[in-house]
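Features as listed in TrEMBL:
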- 1-262: domain 'F-BAR' (DOMAIN)
- 122-156: coiled coil (COILED)
- 346-423: domain 'REM-1' (DOMAIN)
- 353-427: coiled coil (COILED)
- 427-501: region 'Disordered' (REGION)
- 428-458: compositional bias 'Polar residues' (COMPBIAS)
- 470-483: compositional bias 'Low complexity' (COMPBIAS)
- 517-582: domain 'SH3' (DOMAIN)
Amino acid sequence: MSWGIELWDQYDNLAIHTNKGIEFLDKYANFIRDRLAIETEYAAKLRRLVKNYQPKKKEEEDNEFTSWQAFRKVLNEISDLAGQREVVAESLQLQIIQGISLLSKTLREERKKCLSNGTILHQNLTTQLAALERAKRNYEKAYRDSEKAVENYKKADMDLNLSRAEVERYKNIMTAKIQQSDDAKNEYANQLQKSNNLQQQHYHELLPEVFNRLQELDEKRTRGIREFIISAADVESSVAPIIARCLEGMVKAGESINEKEDSYKVIERYQSGFTPPGDIPFEDLSKMDTLDTSQESHYNHVQSSHLTVKGTISANKIKKRVGIFNIFGSNKNSLTADGQKEDFSDLPPNQRRKKLQAKIAELQQKIQQETAARDGLMKMKVVYEANSSLGNPMTVEGQLNESEHKLEKLKMDLKKYQGYLEKANQIPIANNSPQANRTHSMNNGHRSSRHSNGSTEDNNFDGDFHPDDAGSLSSSASPESGLGTSHTSLPGSGHGSTHENAIGEDAYYETEMEPLQPLGTCRALYPFEATSEGSIPMNEGEELQVIEIDQGDGWTRVRRINNTNGWDEGFVPTSYIECTLYA
């Protein structure tokens with residue numbers, strides 16, 4: 001099938017059809033552009049989504065759970081998926097959009113050239129047909145004139161009144177008209193032959209060639225659309241395996257979640273190592289000696305609880321507490337950047353061991369890295385000494401000394417934390433917390449039990465490990481750390497007021513000129529060995545005087561009579577004593 005043969009008379013329709021075809025090609029190009037924009041926007045939104053849901057720095061500790069690890073893997077797969085969508089957009093731009101633009105430009109130029117040639121052919125044919133029409137009219141006019149001249153001659157020849165000269169004139173006119181008619185006839189015949197030849201050539205050779213070129217142009221456009229559609233699908237197919245692997249990665253990430261393992265890690269993270277308290281004994285009020293004693297105990301209990309709460313609230317502002325004779329001025333166990341003690345003694349036993357082990361592993365890794373760096377500097381120094389043209393060995397000497405100092409400090413820190421871990425491993429886990437044991441030892445409400453926090457503690461105290469600190473889920477100050485809180489003695493005690501002199505921003509010094517008046521009495525529930533500065537030892541069951549109540553830091557200041565040294569004052573763990581305050 002050929003347009004030149006089948007559509008020889010549809011020049012205008014073919015011109016319209018080819019123009020619509022190119023416009024459709026441009027429309028498909030716009031469709032690809034819009035899809036490209038969607039792919040680009042989708043990829044950008046996926047990347048923004050991944051960025052918004054990336055775990056924050058404060059959430060890094062939760063990364064040990066399999067669900068969090070799986071979610072991070074899913075985010076990575078989503079990021080890879082976004083990258084593949086970007087590849088699709090880029091391929092559509094390079095392979096489809098540019099190809100369509102080039103094809104559309106070529107088709108428009110070829111179509112314009114074909115239509116221009118067709119227009120010229122139509123003009124030539126029209127011109128020839130107009131010349132034929134003029135020749136035909138001239139021939140018709142000359143033929144009529146010749147016939148009229150012949151008729152006039154015949155009339156003149158039969159008219160006896162006309163002279164011979166006049167008849168001859170009519171004859172000459174007739175001869176001229178006949179000659180003109182013959183010439184016009186020949187011209188008409190010539191133009192007719194030329195028109196027929198041109199028309200045959202126009203409709204069988206020239207115009208079919210133009211139409212066939214338009215047909216090829218349109219088929220090229222159609223073939224291009226087919227190839228572009230297939231190429232667009234191929235672009236999608238080329239990334240489909242990678243997208244499938246991303247989806248497989250998401251499935252594997254989901255399958256890697258282990259709820260039992262996460263539950264075990266929760267236990268490992270938060271387990272304190274303490275055992276739950278035992279049963280609370282029944283208090284028989286009938287065995288109380290007098291009602292007054294009960295009322296006094298109740299009053300003391302209410303007053304003590306009120307003051308303890310007040311001290312706990314005031315503990316939010318950490319200040320440096322300095323006791324008598326400035327015995328608590330030193331900072332023996334400084335706090336780390338996250339507010340915990342250096343030896344993590346403010347954590348429960350299990351958590352303390354875990355933190356110490358992590359710290360030791362971190363120090364060992366740093367020592368290994370620093371050792372490798374030092375060995376590299378030593379080798380560099382040897383090379384420089386062997387060949388001074390490579391460098392001055394003295395330039396390495398300073399770096400080598402600095403590396404040695406760092407390594408020595410890291411080894412000292414490692415030895416220190418290993419000592420902390422060894423001491424923590426030597427502390428046995430209590431069968432019952434001091435709080436639970438205190439509950440078992442309550443007797444008839446004659447004391448006001450006070451506790452700085454509601455958590456459990458280890459009833460074995462050794463040096464830097466404070467039971468009350470160990471039971472607390474948050475950092476608390478102790479006498480050995482040199483950190484404390486502002487405190488208030490009972491009203492009416494005379495010397496229990498606080499003297500504050502602001503030094504810096506968070507510290508005040510307290511100066512006492514004479515011994516403080518006792519606020520009540522207390523009994524030691526457990527033995528306590530005072531190895532930290534500012535604390536005093538006590539034996540189980542020993543009676544002491546309370547001269548300063550707990551300010552929320554887990555320590556109570558007490559006094560006892562020592563036959564050899566006189567009055568002996570210091571701090572003891574609040575959870576190790578039971579207090580009865582005066583009315």
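Just so you know, glycine gets a Cβ as well, placed from its N, Cα and C.
Through the fold, the coiled coil (122-156) approaches residues 11, 162, 166-167, 170-171, 173-174, 176-178, 180-181, 183-185, 187-188, 190-192, 194-195, 198-199, 202 of its own chain, all at least 6 residues removed from its boundaries and within a Cβ separation under 8 Å. DSSP assignment over the domain 'SH3' (517-582) gives 3 helix, 35 strand, 28 coil. In the domain 'REM-1' (346-423), the DSSP tally of helix, strand and coil residues is 69 helix, 0 strand, 9 coil. The average per-residue pLDDT of the prediction over the domain 'SH3' (517-582) is 84, rounded to a whole number.
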